[in-house]
Structure formats: C-alpha cells, structure tokens
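Just below is one structure, and these are the notes that go with it.
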C-alpha cells in the first residue's frame, strides 16, 4: 500500500500550532506568526478530517479485523498518553476519567490534567465507531448522512454559541464533546470514497501551492474567533484531496525525509507539550519572551524524540510482536 508522506509535515505544523496557541501567546514570536499558525484549534479539525480520510484509505479495501484494529490503535496512542498523566503527578479520583480516555465525553472533565488530551479522548470515541462507519460507508445513504450531520453540527454550534459565553457546560459541549466531531471525521471518510478512483497528476502541485496561499490569506483576513468544526473541516478538504492526488514536484518535496521525521514527532509533541509546560512554569513562570519559548520548545523537541524512539517505535514494536501475532 502506497504511503503518503506528504501529509506528515502538516501533522507537525498542526502540532506546533497547538503548542504555540497554548504556550507562546504572550511572546513577540507568536504575534509575528500568520493567523493560521496562531490558531491551534484549526489544526485539531485537520487531524480529525485526515484520520477519517487515511483510515478509510487503509481499511476500505482489505478484510477488517476489529479486534486487531482496536489493539493497534491502543498500542500506538496510549503509552505516550499515559506518560503524560504520570508527568503531572496529580492523583485524584477524577483522574479515572482520563485514564480511561472518556474525559471529553463528560461535562467539566475535558480540561482537567492534560487539557490538550481532550482531542485524544474524542478520537477514541470516533475510533470505537469507525468499524460501524466503515461498514455504513459502502451504503448509498452514507453521503446523505455525512451532509446532514455536518449541516446539523453547523447550525447547532451557531445556535448554542450565544449561550456558551456564560455557561461552561455549553462551551464544553460545542467545543470538546465527541458528538460535535462525527461530521468532521466522516467527512474525511466520504472524501476518500469520492476521490479514490481519481487519477493522480503532476499538475496538482501548482494547485496545492495556490490553495495553501489562499488558505493563509483567507484565514488571515477573516480573523475567525470561533471554530465551527464543519466550516474549518471544509476548508481543509481541498488541501487533503490535492495532496493525495498529486504526483508532482511539491508532494515529492513535502515527502522528504526531514519533513517525514518532523511529522513523526507530532503526536508526542501534541500530547506532552501541556504537562511539560506545567513543569516548565514551576521553574520559569509563564512564557512571555521568545528566549523562554525557544528553551521550552527545545525541551519538548528533545523529549518527543526520546518518546518517539523508545515508546512509539521500540515499545510499540514489542507490543505488536507479543500481542498481534
């Protein structure tokens, strides 16, 4: 099966944007970033969309073993996540929600402990449903389901938004609850089903460059404050489609070893940056100057390399050999 390495650098950009959003907002460096890179929440929708797209690409044309799928996902994501909980060194009863990765399913829980891990909790919910979605995706009504769920999410979000400013539960419902991201995830699945028989062409490289430029300019001048998942997901669909279909110079450039290496660190960077920032603040207070941010990012980068090598590669390989054969 062909590997699409051109997506990897965008995983890194997304993880880096989330890290900056959470830790660097008071620095000069952050103020100089394009608006698209300042807004980490944008990229979380990209992650959900890309997950639905690539999982469908991998599993739609081969026999699907549900137990093997769940084990593979668990071995891949959970060890580094568990390390992130250990780093926080806070043992309370409600840590159980986080240990079982259900914190985003329950009100007043998603931002406790490792706040950025609400994404992983929501992804777990979507992965649990993926076998059902995969089976349903072969049905002619799947496209109508995806359109309807995205329209409903759009209107529900905008209706509830006006009540969310003074109501924490509503804010959590529309921003962190897994039900709000079913549309984004299944849109990724539908996108693959629509384009899977399209022919790849070299000329798509030009369109990718033009669309990336458009995306930066559009977001820069729109100055979005709120992150309606349906709208943001739609803005990333052309990028994913063009990257998938392109066989030209730009995708080859994006697929170089260094960019693939950076992309391979994205999960560890995303999951560990909040616990490491909490530890960092105990010694340096909140990050307000560029030098502090540089030191902090180097720390995250080094530790992410270690977790990638020893946990995501070595320990994952051990678990695969022991439990998946």
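For all residues, glycine too, the Cβ spot is worked out from N, Cα and C.
Any TrEMBL annotation is an automated prediction that lacks curation.
The annotation domain 'Acyltransferase 3' is assigned in TrEMBL to 6-304. Residues annotated as transmembrane segment in TrEMBL: 12-30, 42-59, 80-106, 118-136, 141-158, 178-195, 202-221, 227-246, 258-279, 291-311.
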Taking a Cβ cut-off under 8 Å, which residues six or more beyond the ends of the transmembrane segment (258-279) line up next to it in the same chain?
5, 7-12, 14-16, 18-19, 22-23, 77, 80-81, 83-85, 87-88, 114-117, 119-120, 287, 296, 299-301, 303-305, 307-308, 311-312
Check the transmembrane segment (42-59) against each of 118-136, 141-158, 178-195, 227-246, 291-311 and return whichever range has the most CB pairs under 8 Å.
178-195
Should the transmembrane segment (178-195) and the transmembrane segment (291-311) be scored as in contact, given a threshold of at least 3 Cβ pairs under 8 Å and pairs 6 or more apart?
no
Take the C-beta pairs under 8 A between the transmembrane segment (227-246) and each of 118-136, 141-158, 291-311. Which stretch has the highest count?
141-158
Please indicate, using numbers and ranges, the residues of the same chain that are 6 or more beyond the transmembrane segment (141-158) and have a C-beta under 8 Å from a C-beta there.
174, 180, 182-184, 186-187, 189-190, 193, 228-231, 233-234
